[in-house]
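A quick write-up on the structure given underneath.
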Amino acid sequence: LSFVSQEKNKQILVLGLDGAGKTSVLYSLASNRVQHSEAPTQGFNAVCIDIEDSQMEFLEIGGSEPFRSYWEMYLSRGLLLIFVVDSADHNRLPEAKKYLHKLIGANPILPLVVFANKQDLETAYHITDIHEALALSDVGNDRKMFLFGTHLTQNGSEIPSTMQDAKDLIAQLAAEV
Ligand SMILES: Nc1nc2c(ncn2[C@@H]2O[C@H](COP(=O)(O)OP(=O)(O)OP(=O)(O)O)[C@@H](O)[C@H]2O)c(=O)[nH]1
Ligand SMILES: [Mg+2]
C-alpha cells in the first residue's frame, strides 16, 4: 500500500456517500485482507494497488457534503468509476441515486462498477433492490456497468470471493481502456 502523487496516470475513481465503505473497500482490495477504515476521509485518499503485473491507481474522494463538489471535477481523469453504497442505509439510497446519476450524466462513457456494500447487515437490501433503488437500468446501453454485492466483516480475514471477483473485473476493465 502506498500513496502516490503522479498527475498523468488516469485513476480509478472511488465515489459514494460518506460511510458507504469506500476506504474500507480500497484497503481490503489492496491487501486481500479485510481492513476497515478507522476514520472518514477528509478530502482525498490515493491508493496504489498491484494487480497481476500492473499497478493501478485508485482515488477516493470523501463522501461528506463538503467534498462532493469535487467529484465531478475528477471524472475526466477517471479510467472507470467505482460507486460504493451502504445497502442497509435505506433512507439515503435516493440521495446516492441522485449523485450517481449526476455523475453518469456528466460522462457518457465512463465504465461503472457499483459495490452494493454491507451485505452482511441484516437489513441490507439485496442487489436486485439496489439495482432498482439506484435506477441502474437507466444507466444506458453504451456504458459498461457492473453490480457486485459486497461485505467486509472480520478485520484480517480473507476478502470475500465477490470482492476478489470485483478486483479481477476492475483489472480487466482498466486494461481495456
Ligand atoms: N457491517 C459492515 N460495515 C462496513 C462495511 N464496509 C465498511 N463498513 C464500516 O462502515 C464505516 C464507514 O466506512 P468507510 O470505509 O470509512 O466509509 P467511506 O465511504 O470511506 O466514508 P467517507 O470517507 O466518510 O466518505 C466504518 O465503520 C466501516 O468499518 C461492510 O461491508 N459491512
Ligand atoms: Mg473514506
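If you go along the chain as it appears here, the first residue is 1 and each next one adds 1.
Cβ from N, Cα, C; glycine included.
Residues annotated as GTP binding site in TrEMBL: Gly16, Leu17, Asp18, Gly19, Ala20, Gly21, Lys22, Thr23, Gly63, Asn117, Lys118, Gln119, Asp120. Annotated Mg(2+) binding site per TrEMBL: Thr23, Thr41, in sequence order.
Features as recorded by TrEMBL, highlighted on the structure.
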residue: Gly16; record: GTP binding site; DSSP class: coil
residue: Lys22; record: GTP binding site; DSSP class: helix
residue: Thr41; record: Mg(2+) binding site; DSSP class: coil
residue: Gly63; record: GTP binding site; DSSP class: coil
residue: Lys118; record: GTP binding site; DSSP class: coil
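Counting neighbouring Cβ atoms within 10 Å of each of the binding-site residues (Lys22, Lys118), the lowest count belongs to Lys118. Look at the binding-site residues Thr23, Thr41 and count other Cβ atoms within 10 Å of each Cβ; Thr41 has the fewest.
Among the binding-site residues Ala20, Gly63, Lys118, Asp120, no residue is identified whose Cβ is positioned under 6 Å from ligand 2.
Lys118 (GTP binding site) and Thr23 (Mg(2+) binding site) are 13 Å apart (CA-CA, integer value). Comment: GTP site residues Gly16, Leu17, Asp18, Gly19, Ala20, Gly21, Lys22, Thr23, Gly63, Asn117, Lys118, Gln119, Asp120; largest CA to CA distance 21 Å, whole number. Cα of Gly16 (GTP binding site) to Cα of Thr41 (Mg(2+) binding site): a span of 12 Å. Straight-line distance linking the Cα atoms of Lys22 (GTP binding site) and Thr41 (Mg(2+) binding site), rounded to a whole number, equals 9 Å. Fewest Cβ neighbours within 10 Å among the binding-site residues Gly16, Asp18: this applies to Asp18. Spacing of Thr41 (Mg(2+) binding site) relative to Asp18 (GTP binding site) is 8 Å (Cα to Cα, whole number).
Cβ environment of Asp120 (GTP binding site): His151, Leu152, Thr153 lie under 8 Å away, each six or more residues apart in the same chain.
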